[in-house]
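Student: Grabbed the feature section from TrEMBL, which reads as follows:
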BINDING   Cys73, Cys76, His77  heme c 1 binding site
BINDING   Cys218, Cys221, His222  heme c 2 binding site
DOMAIN    205-327  domain 'Cytochrome c'
Amino acid sequence: MSKKWIYILLTGLLLFTTAFTVIKIKENYFDYPDYWPVPVYDFKKNPVTKDGFQLGRKLFYDPILSRDSSISCASCHLQATGFTHVDHDLSHGIEGRIGTRNSLALINLAWNESFMWDGGVNHIDMQALQPITNPDEMDSSLLEVVDKLNDIPEYRTLFYQVFNDSIITGQHTLKALSQFTISLNSYNSKYDKYIRKEDHVTFSQQELSGLELFKINCSSCHKEPLFTSTEFKNNGLSIDPTLNDYGRYRVTRDPLDSLKFRVPTLRNIQFTAPYMHDGRFESLREVLDHYTTGMEYSKTLAPELNNKIELTSNQKTDLLVFLKTLSDFEFLYNKKYSFPRTFN
């Protein structure tokens, strides 16, 4: 065999190996890069299957989960904006009701041990209960939802295919929703392809500068590759007197948790405005301004923020340019996650 053909075969084998090892396929519809940490979610208790994923997807987009069948999960979690509520500082509910917090992005949830801004839900299989029963959101009950679902033959057939039981239960409803939301994994941004040395992707000098600034000023809380530590931190926000929200303290009643909120992921951050738990900042530039000149000191302020962050206007621009490399358009426009006109 000529050296030319040996080179071509080796090159092809290398490309195939790289593509094969980038992603781990787990439980059919759940996948993530093989260099990421192992998810904390216990798939043995609720394995993600094609039918389960599709059932959860149908439920996620169905307004039947709300008391008056007017809003669905997707009403506050839009795919094109990272499964969050674009241009709304606080979540909206039935009959035009207004919630008390900004909707969190639903991204890479299998690595979370708790959910919501204050960690008030400790398992994703129970997370959907919060919006379903919240009077300012869906204002329903799990029993009411199950009764409505059992009246629909199509749903009974779908539940039977997934759980081998045509009598729909609350537990199975929540597990189906989890199979969809737990699979909303984002890992194909420009940043990811740059890290994997994939498709000849390179960073501009401005993006490289922004990455370096990120590592110096942001990465202690927004840790790669998930771009969150999944912890709760006080980031120096003042109290909004109309909401009087003390964050994690509402759950633990520990004074040391006062004003602490979940560290959100920065993946797809370009599209998830407004920002913070109460949506007070409309732009990422305002967020950076807060960290350089707007933080309020308190006893529970995150230690990482005790030393003032100093960024010039140009450095802020470089950092913002880098943050745009975290946008995953393959995720934001993947038809697998979109409104299920048909199952595929």
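Backbone N, Cα and C atoms are what each Cβ position is placed from, and that goes for glycine too.
Automatic, uncurated: that is what TrEMBL annotation is.
The shown structure was predicted, so the numbers you read here are calculated from the model rather than taken from an experiment.
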Student: Compared by Cα position, which of the binding-site residues Cys218, Cys221, His222 is the closest one to His77 (heme c 1 binding site)?
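Tutor: Considering only the listed binding-site residues, the nearest one is His222.
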Student: Restricting attention to the domain 'Cytochrome c' (205-327), give the mean pLDDT.
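Tutor: Mean per-residue confidence for the domain 'Cytochrome c' (205-327): 97 out of 100.
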Student: Name them in sequence order: residues not among Cys218, Cys221, His222 whose Cβ is within 8 Å of the mean position of the Cβ atoms defining the heme c 2 site.
Tutor: Phe214, Asn217, Ser219, Ser220, Lys223, Phe227, Thr228, Ser229, Val263, Leu266
Student: Give me the long-range Cβ neighbours of Cys73 (heme c 1 binding site): same chain, 6+ apart, Cβ under 8 Å, in sequence order.
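Tutor: In sequence order, the residues whose Cβ lies under 8 Å from that of Cys73 (heme c 1 binding site) (at least 6 apart) are Leu59, Phe60, Tyr61, Leu65, Ala128, Pro131, Leu177.
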Student: Across the domain 'Cytochrome c' (205-327), what are the DSSP residue counts per state (helix, strand, coil)?
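Tutor: The composition, in the requested order, is 51 helix, 10 strand, 62 coil.
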Student: Cβ distance under 8 Å to Cys76 (heme c 1 binding site), same chain, sequence separation 6 or more: which residues?
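Tutor: For Cys76 (heme c 1 binding site), the qualifying residues are Thr84, His85, His88, Ser91, His92, Ser103, Pro131, Glu137.
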Student: Give me the sequence-ordered set of same-chain residues, not including Cys73, Cys76, His77, with a C-beta within 8 angstroms of the centroid of the heme c 1 site's C-beta atoms.
Tutor: Phe60, Ser72, Ala74, Ser75, Leu78, Phe83, His85, Ser103, Leu106, Pro131
Student: Where does Cys76 (heme c 1 binding site) sit in DSSP terms: helix, strand, or coil?
Tutor: coil
